[in-house]
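Residues or ranges marked as Zn(2+) binding site by Swiss-Prot: Cys34, Cys230, His269, Glu273. If you look up Swiss-Prot, you'll see Lys305 marked as ATP binding site. Here Swiss-Prot flags 36-46 as motif ''HIGH' region'. Taken from Swiss-Prot, the feature motif ''KMSKS' region' applies to 302-306.
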Amino acid sequence: MPDTAPQLRLYNTLTRTKEAFAPIDAKNVRMYVCGPTVYDFAHIGNARPVIVFDVLFRLLRHVYGAQHVTYARNITDVDDKINARAARDYPDLPFNEAIRKVTESTNAQFQADVTALGNLQPTVQPRATEHMDEMRAMIDRLVQRGVAYVAQDHVLFSPSAMDARKGPRYGALARRSLDEMLAGARVDVASYKRDEMDFVLWKPSKKGEPGWPSPAGIETLGRPGWHIECSAMSMAKLLEPFGGGLKCDDPERNQFDIHGGGIDLVFPHHENEIAQSCCALGTERMANIWMHNGFLQVEGQKMSKSLGNFITIRDVLNDGLPQLGEWGDNTVRDRWAGLAARLSMLQTHYREPINWTAQRLAESADELHRWYGLLRDEGFGAPEKLSHASAVAAALCDDLNSWAAITALRQAFKVRDVAALGEGMALMGLLDPYFVTASDVPIFARADVDASAIAARIAERLNFINAKNWAEADRIRDELLQEGVQLKDSKDSATGERITTWDVVG
């Protein structure tokens, strides 16, 4: 850890407090985040945890060194929704081939979309279908320890059996008792369950569905429940490579540092992950810190297809900024729109609900244009080290306070501190070197234009606006437009001050 690095503090859902982060092993900092179920295009709500935990990944690498951080984000490629989509989209194909087409194409689209949003690739992205052995072994251990049982070719976990043992209590993460959870839950009260709160670890596959050899002596083919997948994959990627796993009796080696996801996953998914992992591995905790990002709304309403406001990441990249027009290379255009979406999301603290609006996206794009314009004017180069990003790092070390970090970037821009601006943007994943150095970026085209003269005209127009001389202000705007220069007015979201940018139009 750099001597100058501030203390990283993170809000822990498990304890409901902001805690100083102390890794189990500073040379092997480990984080697991629940990833996509690959059956459909990812929506902008799915983008939020990807961006939030990418910022944390970057911060951990900055503090502890890139080679000392492992970030695992899973891919769920076994699910009823995948089966339904495969049957709908590829009815003429053999079912397993149809499923493979759905998962491969959807995952490829997800990877392209989140890359356009400025995210690094996680260290590992385990797929559920690649870890069936670990799932079966973990389920067998849970049955052996008496917290899971076999019924009608299903294997179920018993929270009440867990609570009868020494160790963590079921419901500690959600802070609800079994009775409270049962009262508020819509659970499948199947006849083979011993108790209503029991949940599925493994279930038999129906005819034609994908299936694998079952655990616990079950002879029919089956497939895993949702929750066991993440317990097994986190064990495979964050415990076993570092000496932990089912063969290890050391509790410290059988837990990792951070587990993240959306607030909607606290119960039942994360609660059930904890139950499975702690009972199988003999630990008090699965992860030391649990982090959850807040919900997302669109223009003040819950996002839903029925309201007509369901927005995918691809929608934002393709159509979110129509003023960009067509570029020669639309993958580059996607990256610019993705950076604007990233900045828009990071203006809300990750634990707070976020209101996605077209106006904020456009304002974020304009602000990025100003920042990159300064970096281009000053010949900023891609930094090898982030030695001037201390203000942004300090803000992010306070429970990922991205709003304070953006305020630091705005201050750096205001005083033209190019190193602090560029390196701070890099730490937040907002710096794409291409947009700094490339000469043919459409939004930075300034052919045969005197930038200083335009700046003087803009200043003159601002004086007229302040004097409420609207006619003269409009005259300058119209004259510039006739010369091929379009002015764009907006407000600084922090200060409320008018900001005027310009672009060359045909």
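Backbone N, Cα and C define each Cβ position, glycine as well.
From a predicted model like this one, the values you see are computed outputs, not experimental measurements.
Here the Cα atom of Cys230 (Zn(2+) binding site) is found 28 Å from that of the residue listed as 'ATP binding site'. Take the mean position of the Cβ atoms of Cys34, Cys230, His269, Glu273, the recorded Zn(2+) site; other residues of that chain with a Cβ within 8 Å of it are Trp226, His227, Glu229, Ser231, His259, Gly261, Leu265, His270, Asn272.
Residue with the densest Cβ environment among the binding-site residues His269, Lys305: His269, by other Cβ atoms within 10 Å.
When the binding-site residues Cys34, Cys230 are scored by other C-beta atoms within 10 Å, Cys230 scores highest. Reported as a whole number, the C-alpha separation between Glu273 (Zn(2+) binding site) and the residue listed as 'ATP binding site' equals 30 Å. Look at the motif ''KMSKS' region' (302-306): DSSP puts its residues at 0 helix, 1 strand, 4 coil. Taken residue by residue with DSSP, Cys230 (Zn(2+) binding site) is part of a helix. The two recorded residues, His269 (Zn(2+) binding site) and the residue listed as 'ATP binding site', show a Cα separation of 24 Å.
Straight-line distance linking the Cα atoms of Lys305 (ATP binding site) and Cys34 (Zn(2+) binding site), rounded to a whole number, equals 23 Å. Break the motif ''HIGH' region' (36-46) down by DSSP state and the numbers are 3 helix, 2 strand, 6 coil. Counting Cβ atoms from all protein chains shown, Glu273 (Zn(2+) binding site) has 27 others lying within 10 Å of its own Cβ. In the three-state DSSP reading, His269 (Zn(2+) binding site) counts as helix.
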